[in-house]
């Protein structure tokens, strides 16, 4: 695989779980650095090679290549306890984490964030969002309210006072708003100091480092988390995550300028999935959903929750392409559709007897959208061993071609199985 780019952004173009980790791992074989720019350990990126499956939640997916610098950017939120546990887990699998670095400007997740996340979700009753309860939202809320504590604050001479003041403030919320017992200072503080000692030598100025790499003509891969349809501003609000998931945030979340981003690849699953609450017009309510769920192993990598299954929604995909700045697409879990005689794709919505071609802003309107389908012939053939686009059955080729025609964005490649080797480029600029 050749590469003519200095910077490449990989984003999810649906509701997350598209297989970004696998594709990031694939491109990281030629990268000098992989940088996470948003989210926290609510992500669950799965990478499979040498008959072994690995998961990373906050560490970039390039960690499996020892030659790659893996940087956790300033746009993320970091639970040091989770990060240290992930480092230990990788080390136990003989995977070095000496190449993992952390932005000094990244905000931290503490025990009070995870507790408040849980209490808020319980308080929503029937209006639950489906949060992972890992403290992501409350940490970003503190960042916006300027209560947040950053990695760089850990070395401040008065950090203990800063920490206590922050804990006291949150204990007021925990006890008086939610009637829950307060958190203990000593336990949380001592654990934090222990974990800080384990990572302090890997803290860097992310923007300075990444800008220098690009200016030196190194190849930097920016790894997104979740998906554009979960973006806090442009996703299906309020059933979204707490950060910006589009390529627009790759520069903000790493400390470089927007002109340093050259290309954006959107990862799209061959069908739709969604975790938690929120509308999904193409959701399948028949036994077929269970069949596809089992074939695609569609269970949350962090929570184990079964994912909701739907036909590929091209209205939502076109929206994600526009909002996410996507130049090319990469199709994943293509083989999951191998056994289907007929395959549907959604090309428009019907809302109040009108045909619309974009996602409405209002969630209640989105819930009322009816999908308008185009039906394609399936291929009913195992494609897991093919190694080129030309080897695909004609109907599988037609599936890719028809999507391209409708969304007017080309496919860079596709995946026909979980292993790194089952990733195939369509002829183009990345060919050897």
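Think of each number as a place in line: the chain as shown, counted from 1.
Backbone N, Cα and C define each Cβ position, glycine as well.
Keep in mind it's a predicted model, so treat the numbers as computed, not measured.
Just one of 131, 132 is listed by Swiss-Prot for the same IMP site as 17, 18, 19, 20, 42, 43, 44, 45, 146, 226, 241, 305, and that one is 132.
Pairwise Cα distances among 17, 18, 19, 20, 42, 43, 44, 45, 132, 146, 226, 241, 305, which the record gives as the binders of IMP, peak at 34 Å.
Other C-beta atoms found within 10 angstroms of the C-beta of residue 44 (Mg(2+) binding site) number 17, with every protein chain shown included. Each residue contributes its Cα atom, and for residue 17 (Mg(2+) binding site) and residue 132 (IMP binding site) these two points are 14 Å apart. For residue 226 (IMP binding site), the spatially nearest entry among the recorded positions 16, 45, 303, 307, 334 is 16, judged by CA separation.
The Cβ of residue 16 (GTP binding site) lies under 8 Å from the Cβ of 43, 225, 226, 227, 230, 241, 275, each on the same chain and at least six residues away in sequence. The two recorded residues, residue 303 (substrate binding site) and residue 132 (IMP binding site), show a Cα separation of 7 Å. Look at residue 46 (GTP binding site): DSSP puts it in a strand.
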